[in-house]
């Protein structure tokens, strides 16, 4: 399902992830999908 997220959905995930410094750092290295699911669980879309 990760490949089917819209840019708007990805941006909203980034906004959540950026509130958590560890998640933001992981996003920079692993990507937003991996970082979000690691810290917040399954993507809700």
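Just so you know, glycine gets a Cβ as well, placed from its N, Cα and C.
The feature Ca(2+) 1 binding site is assigned by Swiss-Prot to 11, with similarity to another entry given as support. For 15, 18, the entry in Swiss-Prot reads Ca(2+) 2 binding site, with the evidence type similarity to another entry. The Ca(2+) 3 binding site feature in Swiss-Prot is assigned to 18, 24; the stated evidence is similarity to another entry. Annotation source Swiss-Prot lists disulfide bond at 17-23. The feature domain 'Gla' is assigned by Swiss-Prot to 1-41, with sequence analysis given as support. Summarising the annotation, Swiss-Prot assigns 4-carboxyglutamate to 11, 15, 18.
Across the domain 'Gla' (1-41), DSSP helix (H, G, I), strand (E, B) and coil residues number 33 helix, 0 strand, 8 coil.
Distance noted between the C-alpha atoms of residue 17 (disulfide bond) and residue 24 (Ca(2+) 3 binding site) is 6 Å. Averaged over the domain 'Gla' (1-41), the predicted model has a pLDDT of 94.
Within the same chain, residues at least 6 positions away in sequence whose Cβ sits under 8 Å from that of residue 23 (disulfide bond) are 16, 17, 35, 36, 38, 39, 40. Note on proximity: among 11, 15, 18, the binding-site residues of the record, the Cα nearest residue 24 (Ca(2+) 3 binding site) is that of 18. Other C-beta atoms found within 10 angstroms of the C-beta of residue 24 (Ca(2+) 3 binding site) number 15, with every protein chain shown included.
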